[in-house]
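First the structure, in the form of structure tokens, and then the observations on it.
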């Protein structure tokens with residue numbers, strides 16, 4: 001038993017010795033392999049760094065890496081951003097993280113969309129989401145130099161901001177997109193804020209140092225520097241802010257500094273704040289402008305308010321467009337030749353062959369017209385009406401054989417003046433000056449008068465046979481359509497005239513838009529023509545209506561005058577969008593020729609038409625149909 005135990009112990013001892021020996025051999029082998037590897041790496045390093053003329057060892061075969069193989073360069077890769085989507089500036093090498101991760105390939109547009117989304121996420125407080133987006137995309141919101149500049153400006157650390165600005169200058173110095181004076185402007189804007197903040201805090205010596213040693217040596221906007229130096233005499237911060245038109249040091253004025261710098265910097269380096277919202281607001285305004293039935297005010301490019309959804313293209317329903325019959329007015333007892341809304345959109349005047357002018361009140365809530373008063377005493381039919389721009393006066397003119405004008409005071413609803421210059425006159429056209437103190441009138445027999453409100457003749461133009469008149473916004477010139485198929489501009493201050501438009505047929509009626517740039521002509525046997533009077537070019541011929549030699553009056557319509565409406569000899573009302581020649585709506589209801597259409601200048605969802613069938617018709621949205 002003892003012998004067996006001894007043998008067993010001996011066996012175990014031998015096994016332990018053998019194991020120890022094996023472990024020693026393994027450790028020695030690992031040490032030798034490690035030393036050999038170090039020697040190999042040192043040899044390779046010395047070979048790679050050796051001079052060109054030194055002796056070369058045979059090249060060693062390097063071990064293959066386990067990283068994915070590099071993809072071949074594409075043309076698009078040449079334009080990948082180094083930071084923030086910006087191309088490499090001034091020879092800077094790209095840094096890690098500036099390119100999208102392996103396998104993620106984005107066009108320049110995709111990169112800019114990602115940056116826009118990232119900026120928007122930060123602006124609404126989703127900073128973690130923005131960080132994850134930038135990490136996954138491998139992009140930067142801004143160039144690092146621009147990011148640190150923004151941080152230091154908002155913190156009011158002007159020493160560091162000036163250092164950052166110099167770094168930006170170095171990046172942009174050779175850029176073809178930035179003018180040299182823009183670089184000086186960036187510097188000036190930052191130093192101006194620094195100077196004003198020193199003054200506001202009472203650090204007069206520091207402010208003086210900035211003025212003398214930093215602002216003045218720039219030699220930029222010297223008059224502005226002189227105005228800044230005068231601010232040294234301000235007694236307190238309130239006076240400083242008032243005289244400098246400056247809100248004071250803080251987030252508001254510093255953000256204004258950044259905005260002014262961003263206006264100069266390429267957007268690849270620093271995006272303007274709220275850029276995504278601004279783009280969406282512009283897109284919304286453009287869609288509203290091109291909408292087939294958008295007569296309401298268009299949204300201004302206001303990033304904080306877009307009045308319709310962004311999830312689908314904007315299309316207004318025709319149910320809200322003034323093409324639905326709301327009311328038929330039959331108070332006139334003969335053909336209705338003309339109708340016109342007052343400038344405030346609350347009253348309508350209509351003129352008829354029955355020698356009366358009727359005034360109607362408009363209820364914008366109920367979309368209804370109610371009879372107010374009949375202006376009587378005219379000895380001829382009323383073929384034309386013109387409200388003064390202030391709405392206080394209304395001039396009524398008659399047909400070709402009428403030598404009189406009736407000027408009504410619409411505040412008292414009494415006749416202000418009946419004007420007759422000569423019994424041989426034919427006064428069929430009238431237009432007011434913008435100040436409502438003078439007007440011009442004329443007719444086809446060769447009369448063209450410039451008159452004051454009391455009927456005094458100021459000037460006259462002999463031999464001009466006038467069919468239609470419009471006064472321009474400059475207060476000097478008058479457009480006159482004459483019997484030679486022309487539209488000429490007459491200046492009553494120096495008594496000069498010039499030709500603007502030549503048509504092939506007679507111009508029967510004429511309307512000038514509120515912007516004083518577009519002229520709408522009803523042309524005999526042609527229809528409605530739109531002219532750009534600044535370019536003296538025909539913009540569009542509108543199709544569909546029927547017009548011979550009857551006088552038919554068209555008008556602009558909608559909040560931005562994007563629509564054209566006209567009567568027609570086929571008893572219908574035609575409406576076009578200003579961007580197209582084909583009508584977007586043709587309204588039936590009248591039984592004889594439609595002589596005039598007037599679109600409400602304030603309540604843009606209603607218009608009125610006047611017809612030879614003795615009636616006026618009010619058109620509006622379907623929701624107000626009885």
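Placed from the backbone N, Cα and C atoms, the Cβ positions cover glycine too.
Listed in TrEMBL for this protein:
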REGION    40-106  region 'Disordered'
DOMAIN    142-206  domain 'CTLH'
REPEAT    329-363  repeat 'WD'
REPEAT    375-406  repeat 'WD'
REPEAT    563-586  repeat 'WD'
REPEAT    587-626  repeat 'WD'
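Broken down with DSSP, the repeat 'WD' (329-363) shows 0 helix, 20 strand, 15 coil.
The list of residues near the repeat 'WD' (563-586) in space but at least 6 beyond its ends in sequence, with Cβ under 8 angstroms from a Cβ of it, reads 290, 292-293, 295, 318, 321, 323, 520, 522, 527-528, 530, 540-548, 550, 552-557, 592-597, 599, 607, 609-611, 613, 619. Counting residues of the repeat 'WD' (375-406) by DSSP class, helix then strand then coil, yields 0 helix, 13 strand, 19 coil. DSSP labels the residues of the repeat 'WD' (587-626) in these numbers: 3 helix, 17 strand, 20 coil. Note on the repeat 'WD' (563-586): DSSP counts are 0 helix, 11 strand, 13 coil. Across the residues of the repeat 'WD' (329-363), the predicted structure has a mean pLDDT of 97.
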